[in-house]
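Novice: Residues or ranges marked as transmembrane segment in TrEMBL: 12-35, 41-62, 74-96, 153-176, 197-217, 232-252.
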């Protein structure tokens, strides 16, 4: 058997430094966002980012050793760059189920929400174990047979990931179509940018899918294939895809879908602090509420509450539970005053902040 070469090219030191720096920035940002927002379910996403950063440390070390590469940096970058996206995928799976609950739209999911995360996370675990086992076998292969077996196990793990990711994207598309065509009351009232967040899920899923397809083709074609003959492919179809994904979730962090912010809290109307709103002009006098608007639970729709912030421009809900409202243009609200309205059937009793507008 010919001597096994760790790399079929000379790894670029410059490229390794650049991507290491970028992944480190994204990883530290995710750690800060994770701790600050206490969105602990995103911990696998942070681990995936850390895997990428450490993987490029291994790649940087290899770039300084050409052509006498040590085995450990090679194994480090091979395994962690292979497994990092699997951790990102695990968090993306959980995000859809949380989004469905957030929008009170669990019934729009093809897979029951209580089973959605479990199904895909378990599939991701199987994919992770297959890829890590195959990667370990390939890294320690002493014969052509062991190399082939290691590659085949990695291919199996990647195939599982691609299959379930394709299924997940289908579920995401069906959910998106259903909630757009038949929005829930909570989706109409939510200040949080859930429509944009669905697009972020599409983008992240698509980028990881491109990377996984690249990886499976890379391992199928083997060390003599074109994809392993030049370093440009791994940076174009793996490193770049995953970096964009991590940066995308830095900018559009899922914490907006997990907890209320100070501008997105609710207060309940009280007997002492309520008013009738004229249903044609939506006019009323300002008044003071006694409830704090900070650090309270996020949207409660069972009581037909409307929560708004001063710069909100949403339409009033027109679903049957609000029979006195007709479709209308956006209306304005008094600055810096939250608004909570309770549907009584004949009028809106509001606790604060609804300014004026025309029906």
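Cβ atoms here come from the backbone N, Cα and C positions, even for glycine.
Automatic prediction, not curation, is the source of TrEMBL annotations.
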Novice: Between the transmembrane segment (12-35) and the stretches 74-96, 153-176, 197-217, 232-252, work out which stretch tops the count of Cβ pairs under 8 Å.
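Specialist: Comparing 74-96, 153-176, 197-217, 232-252: 232-252 has the most Cβ pairs near the transmembrane segment (12-35).
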Novice: Hey, would you say the transmembrane segment (197-217) packs against the transmembrane segment (41-62), going by three or more CB pairs under 8 A that are 6+ residues apart?
Specialist: no
